[in-house]
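Enquirer: This structure is in structure tokens; I'll ask about it shortly.
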């Protein structure tokens, strides 16, 4: 069975084509701005402009035609309304034109589900990106959120800090590079609130300290990372302890950070459990994860009518009954 997936929840438009066992194509185009941030209307215009050429590229890369595709999947939410609507409209049009079944996929669930292509069975997932920070796992037939950010996503916090330091966007790789040269830990507010996280306090204090001119930016970058990532690992470890799961996966754009990977790996080794990070092109927002999750859903008996494909900007993971595992 071949599934085509369209991702477009935020600034990345991605189209993926997969089978149960392999990725045939996974192409994307990301809207970038010098100052960072995403305007929903601009994201929608970007997606609308690039959908046809990107679809053509995906089909060529996979070596298939639309007639060969068995299923259309799309990111139904959560995300930016205008961007989601462009993707949903395109998915509906393809499904109707080529008489294919259609499935709407929860973007956050897809980030975790794609790891199952690599043999992961039942993990606790730490999903970290610009707008999202969640610890989630399957419990009682649904993906439960065991902890999440109460304010801003870790990726947005890092990018905002980088902007304040004047080192540009995207900030993640630049902060990581600076942090490697850090020699001294500077105390910052800890980001754990029960099982949830808050990054506004650590961000505000790091910026305040930077503006005093008394601290090296390398030390501030190092301290920011250590403080924020320690909180992420702590909440993930608590979820592991609560659920008794024996696998941890790291997904989302911030999964590119080597220090975060290292800290999670140490935690997993200490607990005697497995740790896995997918290849980066399957960590970031991408169409292949949407296609793969849609395929698993369809195989498990999930069916959508066209009227079921309305986008959901605030689509919670626990709204989805997982009947396909």
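Glycine is no exception: its Cβ is also placed from the backbone N, Cα and C atoms.
Pulled these from Swiss-Prot:
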BINDING   107, 111, 127, 285  Fe cation binding site
BINDING   127, 128, 129, 130, 131, 159, 172, 176, 257  substrate binding site
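Neighbours and distances for these, please.
Expert: Look at residue 111 (Fe cation binding site): DSSP puts it in a helix.
In the three-state DSSP assignment, the secondary structure recorded for residue 257 (substrate binding site) is coil.
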Enquirer: In angstrom units, rounded to an integer, how far apart are the Cα atoms of residue 285 (Fe cation binding site) and residue 129 (substrate binding site)?
Expert: 9
Enquirer: If you draw a 10 Å sphere on the Cβ of residue 127 (Fe cation binding site), how many other Cβ atoms land inside?
Expert: 27
Enquirer: Could you tell me which three-state DSSP class residue 172 (substrate binding site) falls into?
Expert: helix
Enquirer: Could you state, as a whole number of Å, the largest distance between Cα atoms of any two of 127, 128, 129, 130, 131, 159, 172, 176, 257, the listed substrate binders?
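Expert: Max Cα-Cα spread across the substrate binders: 19 Å.
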Enquirer: For residue 111 (Fe cation binding site), list the number of other Cβ atoms lying within 10 Å of its Cβ atom.
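Expert: For residue 111 (Fe cation binding site), the count of other Cβ atoms within 10 Å is 33.
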Enquirer: Taking only the Cα atoms, work out how far residue 172 (substrate binding site) lies from residue 111 (Fe cation binding site), in Å, as a whole number.
Expert: 19
Enquirer: Neighbour count, 10 Å Cβ-Cβ cut-off, for residue 172 (substrate binding site): what number do you get?
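Expert: Residue 172 (substrate binding site) is surrounded by 18 other Cβ atoms within 10 Å.
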